[in-house]
């Protein structure tokens with residue numbers, strides 16, 4: 001179509017000139033911390049035999065998804081803040097959104113797999129070896145990426161399958177669903193309904209698995225006094241991270257297009273910028289096993 005030959009303009013987080021340099025420094029620092037934290041965790045899981053367990057297997061893949069979808073967004077955002085060239089090609093916009101949707105959806109299913117792993121380990125320890133075998137772990141990860149790939153393909157088709165006309169100014173810092181859909185000239189009600197239904201299936205389905213798993217974990221922790229405090233701390237930190245991630249996603253994708261506005265950028269910062277940076281610290285660096293491996297590495301160095 002004629003829209004495939006045009007560029008989009010990303011308006012970014014702010015159009016205030018004096019704020020561009022401080023925001024560039026802040027987001028560059030966040031991106032570096034995100035890469036160091038998540039890549040460092042993947043390397044630790046790979047080299048340390050004591051971390052070759054299903055929990056850290058899922059954490060490594062979760063960190064990989066964090067690195068991937070952060071890298072889909074951060075470099076373009078940093079370039080826009082530094083040089084002010086906010087144009088992005090139609091193909092680049094499609095690719096950015098497709099990869100973002102793929103890895104963000106995969107994270108939802110990986111979070112559900114991690115919650116299932118913790119549920120079996122704490123509530124059914126005698127069945128853990130058979131219920132969460134290496135084959136089961138690979139199947140859960142493969143399922144996460146398969147569902148994410150199909151979902152991302154449908155999301156992208158719904159958003160970029162229409163006709164674009166008029167100004168192509170995307171009021172966002174990356175090509176997200178709602179700001180791009182506002183630029184479509186044709187009727188988008190069918191696309192919006194499809195996106196809403198698929199986002200609800202992925203988001204609500206995985207969140208129910210997470211809540212049920214952690215609910216059973218809390219119930220088991222309250223029944224056994226010695227492990228109560230540790231389990232409660234672990235569940236509280238994990239649920240806090242899940243709440244931030246899912247809360248921002250639900251705000252963005254489970255509301256009508258007419259309600260989207262400037263607050264979308266604030267919500268997007270939580271799940272595209274802050275969540276990938278904090279996840280390595282919340283999910284792994286509070287664990288005794290990871291601290292022990294880091295201590296051994298520090299002593300060797």
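Keep in mind that glycine also has a Cβ here, set from the backbone N, Cα and C atoms.
Marked as transmembrane segment by TrEMBL: 23-48 (among others). Same-chain neighbours of the transmembrane segment (23-48): 13-14, 56-57, 59-60, 63-64, 66-67, 70, 74, 77-78, 81-82, 273-274, 276-277, 279-281, 284-285, 290, 293-294, 297, counting only residues six or more beyond its ends whose CB sits under 8 Å from a CB of the stretch.
Taken from TrEMBL, the feature domain 'G-protein coupled receptors family 1 profile' covers 37-283.
According to TrEMBL, the feature transmembrane segment maps to 55-77 (among others). Long-range contacts of the transmembrane segment (55-77) within its own chain (CB-CB distance under 8 A, at least 6 residues past either end) are made by residues 10, 12-13, 27, 31, 34-35, 37-39, 41-42, 45-46, 88, 96, 99-100, 102-104, 106-107, 110-111, 113-114, 117-118, 121, 137, 140-141, 144, 173-174, 272-273, 275-276, 279-280, 283-284, 289.
Within its own chain, the transmembrane segment (97-116) has Cβ neighbours under 8 Å at 55, 58-59, 61-62, 65-66, 68-69, 72-73, 132, 137, 140-141, 143-145, 147-149, 151-153, 155-156, 159-160, 174-177, 180, 202-203, 205-207, 209-210, 213-214, 238, 242, 245-246, 249, 271-272, 283, counting only residues six or more beyond its boundaries. Per TrEMBL, the feature transmembrane segment maps to 97-116 (among others).
Remote same-chain residues near the transmembrane segment (137-164) are listed as 1-3, 6, 54, 57-58, 61, 90, 93-94, 97-99, 101-103, 105-106, 109-110, 113, 116, 177, 180-181, 183-186, 188, 190-191, 194-195, 198, 202 (criterion: CB distance under 8 Å, separation of at least six residues from the stretch ends). Feature annotation from TrEMBL assigns transmembrane segment to 137-164 (among others).
TrEMBL lists 193-214 (among others) with the feature transmembrane segment. Through the fold, the transmembrane segment (193-214) approaches residues 105, 108-109, 111-112, 115-116, 118-119, 147, 151, 154-155, 158-159, 177, 235, 238-239, 242, 246, 249-250, 253-254 of its own chain, all at least 6 residues removed from its boundaries and within a Cβ separation under 8 Å.
Annotation comment: TrEMBL describes 235-254 (among others) as transmembrane segment.
Look at TrEMBL and you will find 266-285 (among others) tagged as transmembrane segment.
Remote same-chain residues near the transmembrane segment (266-285) are listed as 13, 27, 30, 33-34, 37-38, 40-41, 56, 59, 62-63, 66-67, 69-70, 73, 100, 104, 114, 172-174, 176, 237-238, 240-241, 244-245, 247-249, 251-252, 291, 294 (criterion: CB distance under 8 Å, separation of at least six residues from the stretch ends). Taken together, the residues of the domain 'G-protein coupled receptors family 1 profile' (37-283) have an average pLDDT of 85.
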